[in-house]
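Asker: Pasting in a structure now, in structure tokens, and then I'll have a few things to ask.
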Amino acid sequence: MSDSESKHSEPQYSDEVPTFLKAKGDKLNKIITTMCGVGFFLFGYDQGVMGSLLTLPTFRARFPEMDTVSNEELSYAIHQGLVIGLYAVGCLVGALATMYIGDKFGRVKMIFWGCVIIVIGGILQAAATNTDFLVTARVISGVGNGLLTATVPLYAAECSKANSRGKSLCIHGSLITLGIAVSYWIDFAFYFTEQFGEVSWRFPIAFQLIFPVGICCFGTTFPESPRWLMGQSRREEAAKVFAALYDKPPSSAYVQSLCDDIAKSLDAEIKAGGNKFSVKNLLKQGPRKNFQRVNLAGWSQVMQQICGINLITYYAGTIFEEYIGMDALESRILAACNGTEYFLASLIPIFVIEKFGRRKLFLFGTAGQCLSMLLLYVCMEIAEQGNDGGSIGAAVMLFAFNSFFGMSLLSLTWLYPPEVSSLEVRAPTTAISTACNWGFNFLVVMITPICFNSIDHHTYLIFFGINFCMVPVFYFLYPETRGRTLEEMDLIFADTPVWKPWKSVGIAATMPFLEETKDIESFNQKADAEHYSNGSSSSPESDSGLMEDTKSETKFVENVNKENSISRV
């Protein structure tokens, strides 16, 4: 094929900046952030809404099998744990489904259908007439939420700039806590409607329908993830989305360089054994270190759940009323205030995540949670001796634990999995990590009432020990991702010795950054100026400014070729 024929067959990119939803650049980024934020808000609201409803007289009368206020037998605690926890099982199913169908249908469609299922489940929950009905409805809602929580962080990360990705995901994390706080305050407000019957618990459950309905109305008009489009060999569409996100023409050197980076990563993935999902690729260490990366993603979500946060999120009102000994009104006020303070604490990472990075916040938050659980146990020991100061101290420690968690693990464990995943398995890795979250969510929610029934406040010692063990795990095994493009993380793991995962921490700390702001911006402005003045078409080969670390890329490909040659021998 001649050069002229080859050039003629290449995609023709427009010199005009495209728009989605009549927006581009920062405005479009804010719209996407808002849409993803609504998904996270819904996630938080679903988690918090049941906490204070469990002790309402009308709720207990409708579902007597889970009434632990009037019945202290273990069977009632088990039943309550099952009803609340099976929601997480539905989420687990939805997340695992994403592992197999997420890359087939794309990010936007998965979000849309997740919201549709949530709407169906929410309607059924609000209309529940018996425990079996409620359980079925909660499982259906859970499946939809599993699709949503496995896809939204992925979509947000793939559409965000490297230097703002952390801030964007922290905003989403704060919206989880806002959803929890709103659910607590709505529960509190409708506590005063007991005289009107079951509206006191049906309305708080039905209120959640507003958010998924809103996403359903506009969801399919959002731009698809450009990285997913590249993985589907749809470069022209990917360039169009990148152009709209960065407010540059699709033909610009900057946009073409972004596409080139992903194309190189995809080529390397193919050489490493294919770019299609398979369980074998997930479990294979190899030059891409997929096994290591899946473990980092999955265990971050496991640790988020087993640290004890849902001990508070799901059962805050119950803990204040049944175990700390406050009356019904006080417990609801404190639960709502606790949720509000949780939200305020979650705002802090938005301003510091890109300054301090992920590792420091992981370590700070986990150490604080560890101390909070220890002091919570001590305060409960004092309260057991009839000292009111112990009860006050216990309430303060619940607030403190929420603060440390809100400043760290809340957002970081949703941000981290897509950051450390390679493109070939990013969707299934995020799905697995989300499934880990929901699987252990179910475990914690299920055993919490049983533990309190059996060992009372000694339960807090278990979570103290877990948090204590988490600190060295984050310190020795979790590399920093701050300021790195998703493609740069491929290079960091490529340089990591195959069965020495702790080496990634040092490599991430010392590898030069692939600048994506000042130097690159000035280069691309100059390149674009030359491009338009010469009247020539943009050439991907000429856009080398974004790949300053080509030696690392070459080394990665050499590692791939080396492994392939070894496997052939």
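Each residue, glycine too, has its Cβ placed from N, Cα and C.
In TrEMBL, annotation is done automatically, which means it is predicted and not curated.
Model, not experiment: these values are computed from the prediction.
The following feature annotations were taken from TrEMBL:
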- 533-544: compositional bias 'Low complexity' (COMPBIAS)
- 32-482: domain 'Major facilitator superfamily (MFS) profile' (DOMAIN)
- 528-569: region 'Disordered' (REGION)
- 31-56: transmembrane segment (TRANSMEM)
- 76-98: transmembrane segment (TRANSMEM)
- 110-128: transmembrane segment (TRANSMEM)
- 134-157: transmembrane segment (TRANSMEM)
- 169-193: transmembrane segment (TRANSMEM)
- 205-225: transmembrane segment (TRANSMEM)
- 361-380: transmembrane segment (TRANSMEM)
- 392-415: transmembrane segment (TRANSMEM)
- 435-455: transmembrane segment (TRANSMEM)
- 461-478: transmembrane segment (TRANSMEM)
Asker: Restricting to the same chain and to residues at least six past its boundaries, which positions have a Cβ under 8 Å from a Cβ of the transmembrane segment (31-56)?
Answerer: 21, 23, 66, 68-69, 80, 84, 87, 111, 114-115, 118, 141, 145, 148-149, 152-153, 155-156, 159, 168, 171-173, 175-184, 186-188, 191, 194, 200-201, 204-205, 207-208, 211-212, 214-215, 218-219, 222-223, 310, 313-318, 321-322, 328, 331-332, 335, 339, 414
Asker: Mark yes when the transmembrane segment (76-98) and the transmembrane segment (435-455) have three or more Cβ pairs under 8 Å (sequence separation 6 or more) and no when they do not.
Answerer: yes
Asker: Hey, which bits of the same chain come close to the transmembrane segment (461-478), Cβ under 8 Å, at least six residues off its ends?
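Answerer: Residues 296, 299-300, 303, 306-308, 311, 358-359, 362-363, 366-367, 369-370, 373-374, 377, 416, 451, 501-502, 504-505 contact the transmembrane segment (461-478) from elsewhere in the chain.
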Asker: Can you tell me which recorded stretch out of 76-98, 361-380, 392-415 has the most Cβ pairs within less than 8 Å of the transmembrane segment (169-193)?
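Answerer: Stretch with the highest Cβ contact count: 392-415.
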Asker: In terms of Cβ proximity under 8 Å, which residues at least six beyond the ends of the transmembrane segment (76-98) contact it?
Answerer: 46, 50, 54, 63, 65-68, 110, 114, 117, 121, 131, 134-135, 138-151, 314, 427-428, 430-432, 434-435, 437-439, 441-443, 445-450, 452-453
Asker: So what's the average pLDDT for the domain 'Major facilitator superfamily (MFS) profile' (32-482)?
Answerer: 86
